[in-house]
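Engineer: Handing you this structure, nothing more for now.
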Amino acid sequence: MHDFSIQISSNLINRLTEDDEKLKKRTNKTKPRVPREPRQPQTKVDQKQIPDDSEKQNKTTGSGWPVPPPMFLPLNQPPYSATAELEAIQSVVKESENVVEKLRKQEDNMVQEVTQRAKDLHEKEFKIPEQKPMPCLVENNACMECYKENVKDVTKCAPLAQKYADCARRVRQLVKSSGK
């Protein structure tokens with residue numbers, strides 16, 4: 001018959017012993033099964049960094065892509081120039097202040113104008129109209145005095161009453177002639 005030789009590697013022995021230990025651990029556990037979400041592949045935190053050897057950089061990874069060279073960022077980055085942005089903000093603030101000042105002046109002018117118009121309207125609306133002198137006032141007063149003095153004999157006041165009536169007639173004629 002044929003002679004066969006079987007070689008057992010140490011790797012195979014390690015895997016077989018680990019499987020036995022895993023089985024023993026599984027039989028000892030008495031926890032109820034709880035449905036779990038599938039595990040996400042975890043990234044390894046302690047990955048070895050690629051040294052800066054030119055030979056290793058030229059080698060390709062298992063996927064066939066060349067390993068990119070490490071990227072170095074400057075440690076001391078130039079400070080961000082905030083002066084330009086600050087100047088732009090200050091100019092906007094100045095413009096805003098100018099606009100606010102113009103609006104305040106415009107508001108003051110409008111307040112003065114509205115106040116003046118309100119005063120004018122108030123004066124026109126609530127002003128007592130100028131009293132025109134009553135025509136024939138002298139004759140009317142004389143006739144009234146006579147009637148007060150001569151209560152028992154009013155016929156004595158007839159001439160004063162006639163003067164008052166004549167005055168009233170003249171005023172009516174003036175009004176009619178000026179109205180035409």
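Just so it is clear, glycine is given a Cβ too, placed from its N, Cα and C backbone atoms.
Pulled from TrEMBL, these are the listed features:
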- 1-14: compositional bias 'Polar residues' (COMPBIAS)
- 1-78: region 'Disordered' (REGION)
- 24-33: compositional bias 'Basic residues' (COMPBIAS)
- 34-58: compositional bias 'Basic and acidic residues' (COMPBIAS)
- 86-124: coiled coil (COILED)
Engineer: Please work out the helix, strand and coil residue numbers for the compositional bias 'Polar residues' (1-14) from the DSSP assignment.
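Structural biologist: The compositional bias 'Polar residues' (1-14) comes out at 5 helix, 0 strand, 9 coil.
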Engineer: Can you work out the mean pLDDT of the predicted model over the coiled coil (86-124)?
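Structural biologist: The answer is 93, the mean pLDDT of the model over that range.
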